[in-house]
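Data block below; observations after.
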Amino acid sequence: MAVAQRVEHQMTDKGYVPVYTTRVVEQPWDEYSPTDHDVWARLFRRQLQILPGRASPEFLDAQQAMGMGEAQIPKFTELNKVLGDTTGWQLIGVEGLLPELDFFDHLANRRFPVTWWIRKPEQMDYISEPDLFHDLFGHVPLLMNPVFADYMQAYGRGGVKAHGIGPDALVNLTRLYWYTVEFGLIRCAEGLRIYGAGIVSSKGESIYCLEDEAPNRIGFDLKRIMRTRYRIDTYQKTYFVIDDFEQLFEATRPDFTPYYAELATLPAFPAGGVQDSDKVYHRGSGKGWLNDGDV
Ligand code: PHE
Ligand code: FE
């Protein structure tokens, strides 16, 4: 499929790197192959088998209310009707990762960018970049939840602001996204549950994050999270646990400008460290951890 491509530069931990980006594209639904639909069906079925009792009730309820099914890759136009009637969010198709400012601007306007293409059958267990399954199955259901929907929009607005402040502020804010939107856990009466999109879209990490002895599970603490490095190539060493989405929304309501200034004077924490002030649900054994590679 022809897509307009352009090169931009994005600040990362390794300095400015070129990113190949595309503008918004219409989901080329008719072009999905039988294999694409089958990959969707197998991933969908597999996650729905392991997520009950592991994913948060909010996620599972929203997932069901959205009406995604396993029979075929959902159409963005159909999901948009449901989302539009519920919280007013809209999905837009994209080729892949966007420049940060574009991404923030979409979120600030309640538009969620979804990668239109799906992984290949040999990538069922691991893929290094977001694809349709991660974006749609992982991120989109919680956009149905009113509090989470507002959090995502506020995050986008905060991102636009942090972008204007500078790269260090963006690093702080990106860590928050990582440890909440992507890899967050939530406490409920029966125990810890998953709400992070990076976890719910991964079979291995859905089990690991809750049941393995290795990772830390620590209570949510905004500035602590904004100081904490993370992993992009292994399961997380630490998961942070919120009490509910209201806690997340309330903690992030203040203007972060003074927080960024304060954090700029403090050293970062390693991904696997435990601090004295942490509320520890589980202290990880560290089994199987790689020593380097925190970003
Ligand atoms: N309140 C934050 C700020 O002023 C914005 C924000 C909201 C960031 C929600 C993250 C999540 O920057
Ligand atoms: Fe993601």
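Yeah, the Cβs are placed from backbone N, Cα and C, and that goes for glycine too.
All annotation found in TrEMBL is predicted automatically rather than curated by experts.
In the three-state DSSP assignment, the secondary structure recorded for His134 (Fe cation binding site) is helix. The Cβ of His134 (Fe cation binding site) has Thr115, Ile127, Ala197, Gly198, Ser201 as same-chain neighbours under 8 Å, each 6 or more residues away in sequence. Annotation source TrEMBL lists Fe cation binding site at His134, His139, Glu182.
Per TrEMBL, domain 'Biopterin-dependent aromatic amino acid hydroxylase family profile' is recorded for 1-295.
Shown in sequence order, Pro130, Asp135, Gly138, Val181, Gly196, Ala197, Gly198, Ser201 are the same-chain residues outside His134, His139, Glu182 whose Cβ sits within 8 Å of the Cβ centre of the Fe cation site. When the binding-site residues His139, Glu182 are scored by other C-beta atoms within 10 Å, His139 scores highest.
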